[in-house]
Amino acid sequence: MKIGILSQFPQLYSTQRLVAACESRGHEAVVINTLNCYMNINSIKPSIHYEGQELVGFDAIIPRIHASVTFYGCAVVRQFEMMGVFVANDSISIARSRDKLRALQLLSRKGIGMPITGFANKPNDIPDLINMVGGAPLVIKLLEGTQGIGVVLAETKTAAESVIEAFLGLKANILVQEYIKESNGSDIRCFVVGDKVVASMKRQGPEGDFRSNLHLGGCGETVKITSVERKMAIAAVKAMGLVVAGVDILRSNRGPLILEVNSAPGIEGIEQTTGISVTEPIVEYIEKMVAARKTNRPIIA
């Protein structure tokens with residue numbers, strides 16, 4: 001097969017590992033810079049062009065769309081869909097997961113556990129908003145933030161009011177979320193492919209920081225997840241409509257809670273922590289799905 005990897009960063013560990021996984025299974029892997037694609041949108045033969053050439057002959061696409069280019073990246077993925085190319089994560093699902101508010105509403109609709117979350121537009125709603133999530137301490141998140149950036153822990157009600165007022169004054173969209181103290185600055189990252197959790201790790205934030213993101217200096221360690229956590233991770237991915245995703249879970253006194261579903265999860269951290277390849281299952285899944293499409297067999301994830 002000819003498999004395209006949509007990524008702005010060809011030298012990134014994640015990109016190189018996907019290339020290696022494709023090639024090790026006898027496929028041709030082509031890294032395509034998402035932002036260098038341009039599209040011919042018509043009703044006869046929609047196409048994508050790249051560096052002066054039309055992109056043709058692709059059997060599948062693995063989207064690795066960076067959060068900063070979600071709008072354009074989803075347009076490119078959507079164009080491949082219109083061309084009949086199989087995509088590991090479709091454009092609608094990527095867009096769903098990138099909109100934190102919409103993602104939480106989808107999880108809520110499916111009855112999947114998550115931290116209590118508030119969303120408001122007017123400064124005069126702040127006191128009730130704070131009470132809604134259980135009071136301080138609480139977490140305030142920018143909707144556009146990624147990798148722990150734009151996430152603030154407000155220790156007191158006064159601090160929470162000040163931070164929320166400041167963000168709303170800047171016309172920023174924010175979520176106000178209950179703080180799960182018992183998680184102690186850690187979470188569980190589950191890497192899901194299809195209907196399977198192929199790897200999982202515990203991430204612990206640096207001392208004094210409640211954020212567990214590895215990009216912010218957190219560390220990872222192997223962990224055995226429970227059957228409930230496994231089922232919840234898979235259910236969260238299905239709620240988004242994704243196939244390949246990273247699911248962040250907090251362990252709380254009332255059971256596991258979904259923090260986030262990431263459509264382009266980091267690969268380096270979880271592979272180096274667990275020693276498990278997460279890229280090979282991605283390629284294996286693509287092989288099965290493309291073969292099923294070609295033979296018109298029922299597709300079983």
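Including glycine, each Cβ sits where the backbone N, Cα and C put it.
Positions annotated as domain 'ATP-grasp' by Swiss-Prot: 104-287.
Annotated ATP binding site per Swiss-Prot: Lys141, Glu178, Tyr179, Asp187, Arg211, Ser212, Asn213, in sequence order, evidence recorded as sequence analysis. Using a 10 Å Cβ-Cβ cutoff, Glu178 (ATP binding site) registers 19 neighbours.
The Mg(2+) 1 binding site annotation in Swiss-Prot covers Asp248, Glu260 and rests on sequence analysis. Sequence-distant contacts of Glu260 (Mg(2+) 1 binding site), defined as residues of its own chain at least six apart whose C-beta falls under 8 angstroms from its C-beta, comprise Lys100, Ala103, Val247, Asp248.
Sequence annotations record features per position, and here Swiss-Prot assigns Mn(2+) 1 binding site to Asp248, Glu260 based on sequence analysis.
Take the CB of Asn262 (Mg(2+) 2 binding site) and look out to 10 A: across all protein chains shown you find 23 other CB atoms. Swiss-Prot lists Glu260, Asn262 with the feature Mg(2+) 2 binding site, giving sequence analysis as the kind of evidence.
Under the heading Mn(2+) 2 binding site, Swiss-Prot lists Glu260, Asn262. The DSSP secondary structure for Asn262 (Mg(2+) 2 binding site) is strand.
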Worksheet entry | Rounded distance in angstrom between the Cα atoms of Asn262 (Mg(2+) 2 binding site) and Lys141 (ATP binding site) | 16
Response to the item:
Across the domain 'ATP-grasp' (104-287), the model's average pLDDT, rounded to a whole number, is 91
